[in-house]
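Taken verbatim from TrEMBL:
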type: TRANSMEM; residues: 73-96; note: transmembrane segment
type: TRANSMEM; residues: 117-142; note: transmembrane segment
type: TRANSMEM; residues: 154-171; note: transmembrane segment
type: TRANSMEM; residues: 183-204; note: transmembrane segment
type: TRANSMEM; residues: 210-234; note: transmembrane segment
type: TRANSMEM; residues: 255-274; note: transmembrane segment
type: TRANSMEM; residues: 286-311; note: transmembrane segment
type: TRANSMEM; residues: 332-355; note: transmembrane segment
type: TRANSMEM; residues: 375-393; note: transmembrane segment
type: TRANSMEM; residues: 405-429; note: transmembrane segment
type: TRANSMEM; residues: 435-453; note: transmembrane segment
Amino acid sequence: MEETLTINLLQGKKINEDEEDGDLKARILVETKKLWQLLGPAIIYRISNYSMSVVTDSFAGHLGEVELASMSIAEAVIVAFNFGLLLGMATALETLCGQAYGAKRYNMLGIYLQRSWIVLGLASILLLPLYIYATPILVLFGQTKEVAELAGKLSIWFIPIHLAFPFSCSLQRFLMSQCKIKIVALISTTTLGFHVLITWLFVYKLELGVVGAAVALDISWWISCFAMLIYALGGWCPLTWDGFSMEAFSELKEFLQLSSAAGVMLCLEFWYYRVLILMTGNLKNATIAVGALSVCLSINGWELMIPFAFLAATGVRVSNELGAGNAKAAKFAAKVSLAQSVLIGILFCILVMIFHNKLALIFSSSIEIIKAVDQISYLLAFTILLNSVKPVLSGVAIGSGWQSLVAYVNLGSYYVIGIPLGIFMGWVLNFGVEVNNSCLIGLFILFFFFPFVR
């Protein structure tokens with residue numbers, strides 16, 4: 001799953017039993033204020049980051065069905081497969097930088113950041129063949145030749161963005177661990193505005209087509225990366241960055257072990273969505289099916305950035321309260337977070353059902369894709385509602401130190417149940433593209449009940 005923010009929001013006096021039993025409305029307001037100090041910037045930066053990919057898909061979709069399917073495959077399978085691994089490995093910084101910052105060992109944050117660059121940089125180089133040989137890999141997994149060839153071409157153009165991941169993922173966690181999430185949000189929103197402009201310029205004015213959209217995304221990621229790099233190394237983090245050090249090359253083995261373990265939970269979920277798209281590529285009318293699923297996953301992923309922000313904030317609130325010995329306050333924080341997340345989920349669920357026949361217009365002008373998305377929009381709406389529950393429960397589990405539990409749930413629900421069920425319903429029962437959304441709903445329900453076993 002996504003990262004928890006290792007920052008201390010417990011300022012002031014420790015909540016005692018009398019305060020906890022006080023006025024419920026006042027307690028909710030206090031907890032809501034603490035929660036949204038994290039949620040506000042976290043939501044902005046997550047939505048902005050994800051929106052860059054959505055913008056790219058939208059421009060590609062209006063160029064044609066094959067362009068949309070190819071861009072979706074290149075982004076959601078090749079790029080995201082590698083991004084999931086590197087992002088997962090970067091989560092080691094959440095623990096290391098957070099603990100070092102809390103212990104006032106500020107100089108160690110810079111050391112850990114450099115170690116992350118080294119380990120993730122080497123990993124990104126080892127993953128390059130997946131981009132270079134994307135076309136034969138996609139053909140091997142059953143994608144049509146036309147889509148696989150264009151997706152393979154786009155994958156080559158996405159190599160620059162792949163090389164930005166080690167720096168970007170590490171810098172985000174380095175800054176957030178020291179309470180600098182607002183600057184990350186500011187950089188993300190500014191980059192998003194620039195990305196819309198240069199994508200329009202490359203695709204329509206320079207007539208570079210779908211390749212132009214890919215190049216625009218490369219440039220935008222590197223701009224965001226350089227902005228964070230300048231902020232971190234340019235004197236705005238004087239306590240935590242005092243220059244490059246040879247100490248960064250020590251204890252790399254230990255850092256690799258920790259980063260690999262930290263990445264398991266996130267990779268299992270990231271990779272599952274990639275498998276869904278590959279499975280859809282083997283259905284009848286694969287181009288339409290992949291396009292429709294990509295639209296649904298884009299909308300779902302867009303909205304999912306809000307629950308993921310709740311995941312991070314809930315993890316902080318629960319872990320901080322438990323660390324302060326306030327078990328009741330931790331439970332109350334989890335309840336407030338869950339209630340507010342569900343309310344937002346209900347709102348978006350209603351919006352999807354109201355605009356069910358217009359959702360795909362953002363991404364495609366194809367009548368077939370618009371109809372296909374309309375047919376499964378009710379499943380998308382229900383999935384979005386369940387999205388509001390699962391990440392908050394994950395945040396509670398992570399804040400309580402149950403990371404291994406979440407990893408086992410992901411492994412069992414996604415790969416032991418989800419994929420075999422999808423194969424059976426998609427090819428034996430001929431449910432088509434609807435099976436993928438049905439599987440997602442089943443998995444979210446399973447995840448909802450599993451934590452209560454603990």
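Note: Cβ is positioned from N, Cα and C throughout, glycine not excepted.
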- Are the transmembrane segment (286-311) and the transmembrane segment (375-393) close enough that 3 or more Cβ pairs fall under 8 Å, when only pairs 6 or more apart in sequence count? yes
- Relative to the transmembrane segment (154-171), the stretch among 117-142, 183-204, 210-234 with the most Cβ pairs under 8 Å is 210-234
- State the non-local partners of the transmembrane segment (183-204) in its own chain: residues 6+ outside its ends, Cβ under 8 Å from one of its Cβ atoms. 41-42, 44-45, 48-49, 51-52, 55-56, 59, 63, 172, 175-176, 210, 212-213, 215-217, 219-220, 223-224, 227-228, 231, 236
